[in-house]
Amino acid sequence: MAAPVSSPMASWSATPASASNEDVEKAAGRTRQQSEATTLYEGSPLDKESERSPERDVAATNTASPSSSQEHLTALDWDGPDDPLNPHNWCTARKWFQTLAIAVFSMMATLSSSVYTPGIVVAAEEFHSTRLLSTLAYSIYTLGLAVGAPLGAPLGETLGRRLIICTSLPIFSLFILGAGFSQNMTTLIVLRFFAGVFASPVLDLGAASLADIWPPEKRSGPMSLYVAMPFCGPGLGPLLGAVVTQTRGWRWTCWLVLFFVVALFFPALPFFKETYKPTLLRRRAKQRNIPLPPMPTDGMSVPRIIHTYATKTLTRPMHMLFTEPIVATFHLYSSFNFALLYSFFAAFPYVFAVEYGFDSISTGLTFLGLGVGIIIATIGIILYNKYRYIPEVMTALAEKRPPPPYATSIVKPERRLPLAVAGAPCITIGLFLFGWSVAYRLHWIVPTIAEAFFGAGNMLIFMSCVMYITDTYGPMYGASAMAGNTILRYILGAVFPLFAVQMFKRLGPQWTSYCVLNVHGVASTCPRYINLVFV
C-alpha cells in the first residue's frame with residue numbers, strides 16, 4: 001500500500017526541484033493540485049484496496065474517445081480553474097461565513113471542557129464525592145475529545161466534512177443536556193466523556209476544511225481566526241462557569257453550552273456547505289449521470305469492508321503520529337504546551353482562592369488574561385502573514401520559483417516556524433512570572449499578566465504547528481495528521497489536571513512553575529533548530 005503522505009524525513013531533507021517555466025498562475029495552480037487528488041476516492045478508507053491510481057485512471061481516459069475522456073475527467077476533477085463548485089472560487093462572503101462557522105463551532109467544543117471547572121468543588125459536595133473524582137469529570141471530557149479524533153477525521157475524509165460536523169454536534173448537545181441532569185458522579189463522568197467524543201470531529205476537521213476553502217497563500221488570516229476562537233473557549237469557560245455556578249448552580253455550566261448550540265449552530269446549519277473535493281465531485285457526477293469509476297469495495301464482503309476501514313482508516317492518524325517524524329515532533333511539543341494550559345484551568349482556582357482569597361467569579365475574571373494574550377498573538381500572526389509571509393509568496397510567484405516537492409504550499413512550510421520560535425520565550429516568561437509572583441504574594445495583576453504571556457505563546461506555537469502540518473500534507477491528509485495532534489493533545493490535557501493541583505499543594509506555585517519551565521525549555525529547541533537549519 002503506497003503511503004498517502006510524504007516520507008518520514010521528506011520535509012527535512014528534500015532537495016529543491018528543477019526550475020519551472022510556467023507562468024505565475026500555473027505555478028500557483030500546480031501547488032494547489034499537489035494537495036488535491038484527482039480521483040473521487042482518494043482519502044477514502046478503502047482507496048488502497050484496489051490497485052487503481054488517479055494517474056492510471058486519467059491515462060486510461062486519455063486513450064479513449066474524446067467524449068469519453070472528457071466525461072471521466074469531468075467526474076474526476078474540477079471543470080477548470082474557475083469551476084464554481086471549487087471552494088477556492090467561492091465568493092469572499094461565503095468563504096468567511098464558512099470559516100467563522102467552523103471557528104464558532106470549535107469554540108463551543110472547547111468552551112465545554114473548561115466551563116465546568118468552577119463547579120468542581122460544588123459538584124463534589126453535592127454528590128458526596130472527592131475533589132479528585134470531580135476533577136476527573138472535568139478532564140474526562142478532554143479524553144473524549146482524544147477518543148473521537150480517530151473517528152471524526154477519517155470519516156470526514158470518507159463521507160465529507162459537512163455530514164460529520166452536522167451530525168456530531170447535535171449528538172454532543174444531547175449528552176451535555178443529560179450531564180446537567182446527572183444524579184451521581186458516575187453518570188456525570190460518563191456523559192461528559194461521550195459529549196467530548198462527539199465534540200471532537202469539529203476540532204479535527206476544522207483545519208482541513210479551511211485548507212479546502214483557502215489557497216495556501218491566503219490561508220494564514222482565516223486559520224488565525226480558527227485557532228484563536230477555540231483557544232479563547234477554554235479561557236472564557238471558567239468565567240462563564242463561575243457566574244452561572246455562583247448564581248444558578250453547577251448544572252447550568254452544562255445547560256449554558258446547550259444554549260450556545262441552539263442559538264449558534266442550528267441557525268447556521270442551512271448555510272453550512274460541503275468543502276471536501278471528492279464528496280463534491282461524486283455528487284456532481286451523479287447529477288450529470290456520469291458513470292463513476294469502480295468503487296474499491298466492489299466484490300468485497302461486508303466484514304472485509306469493516307475490517308479494512310478499521311485497520312486502515314481509523315489507524316491512519318496514529319500511523320502518521322508514530323511514523324512521520326515531523327508530525328510526532330510538532331505534535332509532542334504543541335500537546336505538552338496545551339496540557340499545561342489545561343492544568344492551569346484546574347490549578348488557577350486553587351491558587352487564587354488560597355493565595356489571594358478570590359471567590360469563583362473573581363477567579364474566573366483572571367482567565368481573561370489568557371484571552372488578552374491570545375488576541376495579541378492573533379494580531380501578531382496576521383501582521384507576520386501580511387508583511388513577511390505573503391510578500392515571500394508573491395515573490396516566489398513573480399520569480400516563477402518551483403514549489404517545494406514535499407509540500408502543498410508555494411514556499412517552504414518552514415516559513416511558518418518563526419511564529420513558534422517567538423512563542424517559546426513567551427511561555428518561558430509566563431511560567432517564571434507566574435511562579436515568582438504567586439510565591440511572593442505580589443499584586444494579582446502580575447500572575448494575570450503571566451497568563452497573558454502564556455496564552456500568547458501557546459497560540460503562536462499551536463498556530464505555527466497547524467499551518468506547518470497543513471502546508472506539508474494539504475487538505476486530503478491534513479485532517480488525519482491533525483487528528484493525531486488532537487489525540488495526543490487531549491490525552492495529555494486529560495491527565496495533567498489530575499495531578500496539577502497536587503503539585504501546586506506539595507511543591508508550591510514557585511517550584512511547580514520552575515519544574516515545568518525546565519521541561520519546556522528542552523522541548524522548545526525543536527522549532528528553533530528546524531528554523532535555523534531549513535529556513
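Keep in mind that glycine also has a Cβ here, set from the backbone N, Cα and C atoms.
Since this is a predicted model, take the numbers as computed values, not measurements.
According to TrEMBL, the compositional bias 'Polar residues' annotation covers 8-21 (among others).
Taken from TrEMBL, the feature compositional bias 'Basic and acidic residues' covers 45-58.
For 60-72 (among others), the entry in TrEMBL reads compositional bias 'Polar residues'.
Residues or ranges marked as domain 'Major facilitator superfamily (MFS) profile' in TrEMBL: 98-535.
Marked as region 'Disordered' by TrEMBL: 1-79.
Annotation source TrEMBL lists transmembrane segment at 96-116 (among others). Counting only same-chain residues 6+ beyond the ends of the transmembrane segment (96-116), those with a CB under 8 A from a CB of the stretch are 87, 90, 123, 137-138, 141-142, 145, 165, 169, 172, 176, 192, 195-196, 199-200, 202-203, 205-206, 209-210, 213-214, 222, 225-226, 228-238, 240-241, 250, 253-254, 256-257, 260-261, 264-265, 268, 271-273, 275, 342, 345, 493.
The transmembrane segment feature in TrEMBL is assigned to 136-156 (among others).
TrEMBL lists 163-183 (among others) with the feature transmembrane segment.
Sequence-distant contacts of the transmembrane segment (189-211) (same chain, at least 6 residues past either end, Cβ-Cβ under 8 Å): 35, 98-99, 102-103, 105-106, 108-110, 112-113, 116, 133, 136-138, 140-149, 151-153, 155-157, 161, 164-165, 168-169, 171-172, 175-176, 178-179, 182, 219, 222-223, 226, 230, 275-276, 466, 469-470, 474-475, 478-479, 482-483, 486, 490. What TrEMBL records for 189-211 (among others) is transmembrane segment.
If you look up TrEMBL, you'll see 223-244 (among others) marked as transmembrane segment.
Long-range contacts of the transmembrane segment (250-272) within its own chain (CB-CB distance under 8 A, at least 6 residues past either end) are made by residues 97-98, 101, 104-105, 108, 111-112, 115-116, 118-119, 122-123, 126, 162, 165-166, 169-170, 172-173, 176-177, 179-181, 240-241, 244. Under the heading transmembrane segment, TrEMBL lists 250-272 (among others).
Here TrEMBL flags 326-352 (among others) as transmembrane segment.
With a cut-off of 8 Å between Cβ atoms, the residues of this chain six or more beyond the transmembrane segment (364-384) that come close are 118, 220-221, 224-225, 227-228, 231-232, 234-236, 238-243, 341, 345, 348, 352, 358, 418-419, 422-423, 426, 430, 444, 447-460, 463. According to TrEMBL, the feature transmembrane segment maps to 364-384 (among others).
Per TrEMBL, transmembrane segment is recorded for 417-438 (among others).
Sequence annotations record features per position, and here TrEMBL assigns transmembrane segment to 444-466 (among others).
Outside the transmembrane segment (487-504) by six or more residues, the chain places 113, 131-132, 135-136, 138-143, 145-146, 149-150, 196, 200, 317-318, 321, 331-332, 334-336, 338-347, 350-351, 512, 515 with a CB less than 8 A from a CB of the stretch. For 487-504 (among others), the entry in TrEMBL reads transmembrane segment.
Within its own chain, the transmembrane segment (223-244) has Cβ neighbours under 8 Å at 99-100, 102-104, 106-119, 203, 206-207, 210, 214, 252-253, 256, 341-342, 345, 348-349, 360-361, 363-365, 367-368, 370-371, 374-375, 377-378, 381-382, 385, 455, 458-459, 462-463, 466-467, 470, counting only residues six or more beyond its boundaries. Between the transmembrane segment (136-156) and the transmembrane segment (444-466) there are fewer than 3 Cβ pairs closer than 8 Å, counting only residues 6 or more apart in sequence, so the two stretches are not in contact.
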